Amino acid sequence: MDSDPDVNDTMSATSVWIFEYPLHYRVIASILHTLIFVFGVVGNIVVITVVTRTRSLHGPTFTYLVSVACADLMVLIACIPEALLEHHIGAGWIFGQVGCSCFIFITFLGINAGSLSILAFTLEQYVTFCIGKQEKMLRRMLACPIRVVAVLWLFAILYCAPWMGLTEVRPDVDDPDRNQCEMRLFPKHPHLFQTLFGMDLVLFYALPLVVAATCYTKIGLSLRDRGAYWRASNAGARGSFVEYAQLQLPLQTGVPWANKRTVTLAQPKLIAPKKQTLRMLIVVVIVFAVTWLPFRGVLIYNSFANTPFLDLWFLFFAKTLIYLNSAINPIIYSAMSARFRLAVRRLIGKGCYTAGSSLSYSRSGSGGSSRTYPGTPPRLFRRPLCSDSSHTTAIASAFLE
C-alpha cells in the first residue's frame, strides 16, 4: 500500500514489495510526513479562508491560487494519511474496492487540477503584462477567473473519471493474504499504462512548464523594455506631465486630487506590486517543477526499463517532495506577498485596517480641511489607519490587482 498509485503499480509489476519498513525509516517518514500534513492542511485552509473573506484579494491571481490550495488539500488528505498507515501496518490495502477507486481518482484529480491552475495564473500574468487591450478575445476569456477555474476543474474531473473503472483490489503476487490497490489493465496491457502516464506527463507537467517558461520570459522582456521607455520618456517629458500620463498609463480614478501630475509620478510605484506578485508566482512555478521532477523522472524510467528503480530512500525522497509541494505554497504567499500577509493579520485581528462596512472614512484636503464620507471606503481609500502613506501610495494601492 503505497501513498502513490504510480509507485504502487510499478512495484507490483516486478513482484517487489517492502512488507516491513526499517524502524528508523518509519520514524523519520512518520515525523516528516506528519509535519508536512499539519502545516499543509492548516496553511491551505488559511489561504482559502483569507482570500474568500478579503475583498481586496478577489482578483484573478488569488482566485487561481485558491484553486491551487484546494487541489493541494486533496493531495495531502488523500496521500499522507494512507502513507502513514502503511508505515506502521505494512503494505496492504484495507479500504476495499470503493476506497481504491476513490483514492486514485482523488489523487490524480488534485494533481491535475493543481497543474491546470498553475497554467491558468501563468496565462493571466502574461495577459496582464504583455497583451494589449486590442486583444479583446483573450482578455474576455480570462476576465472571469471563477468561470476559468470551473472549466479547468470540470476538465480535470472528466479526464480523471476513467480511473474509477481502471482500478481493482486483488491479492498481492508475493503474499496472497494481502490485498493491493492496482491498475486493472496493467498486467495484460503495459503499453496502456505507458500511454496514460505519458499523457499525464505532457499535459500536467511539461506543458505548464513550457508555457510558464515562454510567458515569463516574454514578461521579463516586456518589463525591461517598459523600464527603458519610462526612463527615456521621463527624461524628455519634463514640464509635459499631461502628455506623458495619457501616453503611458491613462487613469480614470474619479478622485479630484488624483491629477495628471500625481499619476505620472506614481507610475513606478504602480508597477511594483504587480512585479511582487509576479515574482511570487514564478517561485511557485519553480517549486512545482523541482519538487515533481524526481518522481516524474523515476516514473518514466520505470515505465520503460526492464528492471525498475525501486530504491526505498529515493522513493521516499520523491514522494516527500510531492507532499512538500502541496504544503509549501502558503508559506511562499506569506513570505512574498505583502497583501496576503496584511489580509491574514486583518483576519486574525492583529492588523490595523478599518473593520466593518458601517464605519466612515475621511480625506484631508490641500488646505488642511477634511471631508468625511459615510459607508465602506472605496478601494483608493482602503489602507491602514496606522499608515503615513501619501496620496500617491493610495493611488498605487488601487492597482495592486
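Note: Cβ is positioned from N, Cα and C throughout, glycine not excepted.
TrEMBL: automatically predicted annotations, no manual curation.
Positions annotated as compositional bias 'Low complexity' by TrEMBL: 359-374.
The domain 'G-protein coupled receptors family 1 profile' feature in TrEMBL is assigned to 43-333.
Look at TrEMBL and you will find 359-379 tagged as region 'Disordered'.
The transmembrane segment feature in TrEMBL is assigned to 27-50 (among others).
The annotation transmembrane segment is assigned in TrEMBL to 62-84 (among others).
Here the transmembrane segment (90-123) has long-range neighbours at 1-2, 4-5, 17-21, 60-61, 64-65, 67-68, 70-75, 77-79, 82, 142, 145, 148-149, 152-153, 155-157, 159-161, 163-165, 167-169, 172, 178-181, 200, 203-205, 207-208, 211-212, 215-216, 281, 284-285, 288, 326, meaning same-chain residues at least 6 beyond its ends whose C-beta is under 8 angstroms from one of its own. What TrEMBL lists as transmembrane segment is 90-123 (among others).
The transmembrane segment annotation in TrEMBL covers 144-164 (among others).
Sequence-distant contacts of the transmembrane segment (192-216) (same chain, at least 6 residues past either end, Cβ-Cβ under 8 Å): 6, 9, 108, 111-112, 115-116, 118-119, 122-123, 125-126, 130, 159, 183, 185-186, 278, 282, 285, 288-289, 292, 296, 299-300, 303-304. Annotation source TrEMBL lists transmembrane segment at 192-216 (among others).
The transmembrane segment feature in TrEMBL is assigned to 278-301 (among others).
The transmembrane segment annotation in TrEMBL covers 313-336 (among others). Residues 3-4, 7, 25, 29, 32-33, 36-37, 39-40, 43-44, 46-47, 65, 68-69, 71-73, 75-76, 79-80, 83, 110, 114, 276, 279-280, 283-284, 287-288, 290-292, 294-295, 298, 344 of the same chain, all 6+ positions outside the transmembrane segment (313-336), place their C-beta atoms under 8 angstroms from a C-beta of that stretch.
Long-range contacts of the transmembrane segment (62-84) within its own chain (CB-CB distance under 8 A, at least 6 residues past either end) are made by residues 1-4, 29-30, 33-34, 36-37, 40-41, 44-45, 47-48, 51-52, 103, 106-107, 109-111, 113-114, 117-118, 120-121, 124, 145-146, 148-149, 152-153, 284, 319, 322-323, 325-327, 329-330, 333, 340.
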